[in-house]
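Inspection log for the structure reproduced underneath, given as structure tokens.
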Amino acid sequence: MNTEPTPQPLVVAIDGPSGSGKSSTARGVARRLGLDFLDTGAMYRACAWEAARTGAETPEQIAAVVTAAELQVTTDPDDPRISINGTDVTREIRDPEVSATVSRVATVPEVRVDLVLRQQQIIGEATRGIVAEGRDITTVVAPHAPVRVLLVADPDARVARRQAELGEKVDTAQVTDQVIRRDRDDSTVATFTEAAEGVTVVDSTHLSLDEVVDRIVRLAEEAAR
Ligand SMILES: Nc1ncnc2c1ncn2[C@@H]1O[C@H](COP(=O)(O)OP(=O)(O)OP(=O)(O)O)[C@@H](O)[C@H]1O
Ligand SMILES: Nc1ccn([C@H]2C[C@H](O)[C@@H](COP(=O)(O)O)O2)c(=O)n1
């Protein structure tokens with residue numbers, strides 16, 4: 001009789017502040033290891049987009065919109081898409097207006113309870129394994145993941161990266177608000193500035209994207225031994 005435990009699909013959890021490179025890194029690791037990919041920030045952004053569309057402003061109104069929402073999230077690292085109530089908002093959730101308001105949605109407790117459960121369901125259904133990124137993956141969503149990483153970078157580097165990504169369409173004051181102010185707001189409901197016990201800190205300030213991906217792939221390979 002085979003008494004070997006059935007190997008569990010690998011879960012890699014990556015948290016970090018805005019602009020630290022979580023999404024790019026997580027997609028790179030997922031591609032390299034043949035895993036699914038979950039951008040939990042996109043779920044909060046989709047909810048912020050729907051809240052704005054419906055005119056929901058108070059925490060109660062926002063919570064009602066989110067808990068009633070039908071969210072479809074795909075986990076292909078080469079084409080992650082998200083729809084809310086039947087509308088594909090994959091592109092729209094990156095608009096500056098969404099970036100400026102998403103923290104208001106993400107700091108509603110009932111929203112977090114609802115989205116954490118949905119994220120845990122997506123992770124549990126990822127039969128080939130998954131890389132999930134956000135702010136509370138290593139601490140709340142998947143605290144028992146075999147690979148847990150806090151990806152950090154100097155604030156100046158993070159602002160510069162976001163500015164380079166957004167180009168001239170967004171001025172430096174807006175970018176700084178999107179990065180630094182949003183992190184301050186977000187850190188009131190999730191701990192992503194200090195690594196929890198068992199979480200590996202990777203500082204990407206002076207590392208290329210590929211070097212960061214290499215480091216986390218090595219952590220995953222060591223965990224799989
Ligand atoms: N190590 C790195 N060196 C240089 N640029 C990087 C590095 N990692 C990511 N980038 C670039 O920085 C920008 C922001 O990266 P990304 O969107 O992955 O960050 P993030 O942490 O997911 O941000 P947010 O949480 O705000 O969505 C992208 O243009 C990305 O290509
Ligand atoms: N697990 C998560 C993921 C994201 N958020 C918040 C943080 C931001 O305000 C917003 C969008 O995230 P981003 O796309 O910038 O990574 O959602 C969170 O609270 N918890």
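Glycine residues also receive a Cβ, built from the backbone N, Cα and C atoms like all the rest.
Copied over from TrEMBL:
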BINDING   GLY16, PRO17, SER18, GLY19, SER20, GLY21, LYS22, SER23, SER24  ATP binding site
DOMAIN    12-221  domain 'Cytidylate kinase'
REGION    1-25  region 'Disordered'
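Sequence features, as recorded in TrEMBL, placed on the structure.
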| residue | record | Cβ contacts under 8 Å, 6 or more apart |
| --- | --- | --- |
| GLY16 | ATP binding site | LYS22, GLU133, ARG135, LEU150, LEU151, VAL152, ALA153, PHE192 |
| SER18 | ATP binding site | ARG158, ARG162, GLN178, VAL179, ARG182, ASP183, ASP186 |
| SER20 | ATP binding site | LEU151, VAL152, ALA153, ARG158, SER204 |
| SER24 | ATP binding site | LEU209 |
Next on the checklist: Other than GLY16, PRO17, SER18, GLY19, SER20, GLY21, LYS22, SER23, SER24 themselves, what residues in this chain have Cβ atoms within 8 Å of the centroid of the ATP site's Cβ atoms?
Outcome noted: THR25, GLU133, LEU151, ALA153, ARG158
Checklist entry - Where DSSP helix means H, G or I and strand means E or B, what are the helix, strand and coil counts for the region 'Disordered' (1-25)? => result 4 helix, 5 strand, 16 coil
Checklist entry - Taking only the binding-site residues GLY16, SER18, SER20, SER24, which have a CB closer than 6 angstroms to any atom that belongs to ligand 2? => result SER18
Item to check | For LYS22 (ATP binding site), the number of other Cβ atoms found within 10 Å of its own Cβ | outcome: 28
Next on the checklist: Just to confirm my parser: what is the rounded mean pLDDT across the domain 'Cytidylate kinase' (12-221)?
Outcome noted: 95
